[in-house]
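*Asks:* So that we are looking at the same thing, I have put the structure below in structure tokens.
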Amino acid sequence: MRSSGEVLALLVLLVVFTLLNPGTFATATNLRTVLDQAALPLIVGVGATLVILMGSIDLSVEGVMGAAGMTFVLLSANSRGGESHGALALVAALAVGLVIGLLTALIHTRLRVPTFIASLGVWYIGLGVATLLYGTDGIPNFTDPSTANWASRQLLGLPHSFWLALAVLVLGLLVGRYTRLGRSAYALGADERIARDNGVRSARTKIAVFMIAGGCSALAGVLASLQLGAGSVTLGAGTLFLTIAAVVIGGTSLGGGRGGVARTALGVLLLTVLNNGLILSGVSPSIQSAVSGAVLIGAIVAAAWPHRSRLRVVK
């Protein structure tokens, strides 16, 4: 099994934290907490995985989340007196993500700017948009209880956030494994020149994938707003690191061409269990960050070392 190492690591964490926290870790309540915490990085991770499979990178996640989240809140019933626009609020938020993803792709494909630089610039554009929307009128809180409590409500004993993330995961699996777009993403990551020679439309594929990634980040921004119960410019803070870490730890190559969405889901679960277990064990936040960073560095070195010659240039 290609992911046997990650599965073994997850099992070890489950056993260790169960022994360290016998009355709190292995409980139904904590399971729901873990699944709720894993939802955001998993949704973002689906889009991020498709981008990384092409050998590219998308750093605009937190900017997109802020802009899309603020759009959703302001078009919903909120404490600033805004009226609910129903499904239009969600559509508008997703549109923000799609447009930002399109912008990143166009800067890369038309201007030949590396995706690292293009998405970094777009990240700040997204934060700027979120800041403008936030304004100076105070925190916009949801005023409709059915909206404010949506993320925490349960279906079949599990939080809505989990079911939303699961739906995105399934769609990501279908795109990656069974569509032309998914095959093209793998081909571009393996060798872009050969992929082009074999008929893969590089620019079109990159535009589609970056728009999907933008849509995933926007949906995560909506979910984060629902979990917070309000709009915030920085509600995506820390999501980028956690997502990239999960993608790499799951086994998707930063050079592109190898990996997949299912592996990212495993990486997300592993990191979420690690952070949850450390919190329940009373470990300080600074040490938690150090442990997460060490795990990420170890995973990157282990994954990249055999392919280090391909990673000298980030596409």
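Using N, Cα and C of the backbone, Cβ positions are placed for all residues, glycine too.
Relevant sequence annotations retrieved from TrEMBL are reproduced here:
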TRANSMEM  38-57  transmembrane segment
TRANSMEM  64-81  transmembrane segment
TRANSMEM  87-108  transmembrane segment
TRANSMEM  115-135  transmembrane segment
TRANSMEM  155-175  transmembrane segment
TRANSMEM  207-228  transmembrane segment
TRANSMEM  234-254  transmembrane segment
TRANSMEM  261-280  transmembrane segment
TRANSMEM  286-305  transmembrane segment
*Asks:* Under a criterion of three or more Cβ pairs within a distance under 8 Å and sequence separation of at least 6, are the transmembrane segment (115-135) and the transmembrane segment (207-228) in contact?
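*Replies:* No; fewer than 3 Cβ pairs under 8 Å.
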*Asks:* Apart from its near flanks, which chain residues at least 6 from the ends of the transmembrane segment (155-175) lie with a Cβ under 8 angstroms of it?
*Replies:* 28, 32, 35-36, 38-40, 42-43, 46-47, 49-50, 181-182, 212, 216, 219, 223, 226-227, 260-262, 265
*Asks:* For the transmembrane segment (64-81), give me same-chain residues lying six or more residues beyond its boundaries with a C-beta closer than 8 angstroms to one of its C-beta atoms, as numbers and ranges.
*Replies:* 44, 88-90, 92-94, 96-97, 100-101, 123, 126-127, 129-131, 133-134, 137-144, 147, 214, 217-222, 224-225, 230-236, 239
*Asks:* With the transmembrane segment (234-254) as the reference, which stretch in 38-57, 87-108, 207-228 has the largest tally of C-beta pairs below 8 Å?
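*Replies:* It is 38-57, which has the most Cβ pairs under 8 Å.
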*Asks:* Cβ under 8 Å, sequence separation of at least 6 from the ends of the transmembrane segment (87-108): give me the contacting residues as numbers and ranges.
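*Replies:* For the transmembrane segment (87-108), the sequence-distant neighbours (Cβ-Cβ under 8 Å, at least 6 residues beyond its ends) are 56, 58, 60, 63-64, 67-69, 71-72, 75-76, 114-115, 118-119, 121-122, 125-126, 129, 203, 206-207, 209-219, 221-222.
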